[in-house]
Amino acid sequence: MSGKDNNKRDRISVLSSHFSSSSPMASEKEAALAATPSDADAPTIFDKIINKEIPSTVVYEDDKVLAFRDITPQAPTHILIIPKVKDGLSGLSKAEERHIDILGRLLYTAKLVAKQEGLDDGFRIVINDGPKGCQSVYHIHVHLLGGRQMNWPPG
């Protein structure tokens, strides 16, 4: 097997462990470094969640977005909010003017879900972008974190 094939297998292994609740969790940094930005419209694990091919604990859904609990929560409340149609929006750095409405919808949905979850004392919104931003899935997503005191500076 070539070095390139081994590297691909290693990335898949780290990413698989990142999304599997039954195997040891790779660190967020390892998962982000193993992920490779690919074709903006290439399917991701989030597409499988949207299509109900992979189970998730959905807390909010409408025609544009889906919000579900993170399987490796970093806070008592950790919810991912994703657009149902990626439309080339693999990360925030790929946003174009045509994405303004969905970006606003993601943030407004975060507010709705925070209220639904009882995060009246505050919450944090995080959008990781690119390898150094610790992005591990190249389908834009908003992390809604709450239920504990957040610290500054983050990460």
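Yeah, the Cβs are placed from backbone N, Cα and C, and that goes for glycine too.
What TrEMBL records for 13-35 is compositional bias 'Low complexity'. Annotated domain 'HIT' per TrEMBL: 45-155, in sequence order. Marked as motif 'Histidine triad motif' by TrEMBL: 139-143. Taken from TrEMBL, the feature active site, tele-AMP-histidine intermediate applies to His141.
Tertiary proximity for the motif 'Histidine triad motif' (139-143) is limited to same-chain residues at least six positions away from its ends with a CB under 8 Å from its CB atoms, namely 44, 46-47, 70, 74, 78-83, 86, 89-92, 94-95, 106-107, 109-110, 124-128. The predicted model assigns the domain 'HIT' (45-155) a mean pLDDT of 96. The number of other CB atoms found within 10 A of the CB of His141 (active site, tele-AMP-histidine intermediate), across every protein chain shown, is 26.
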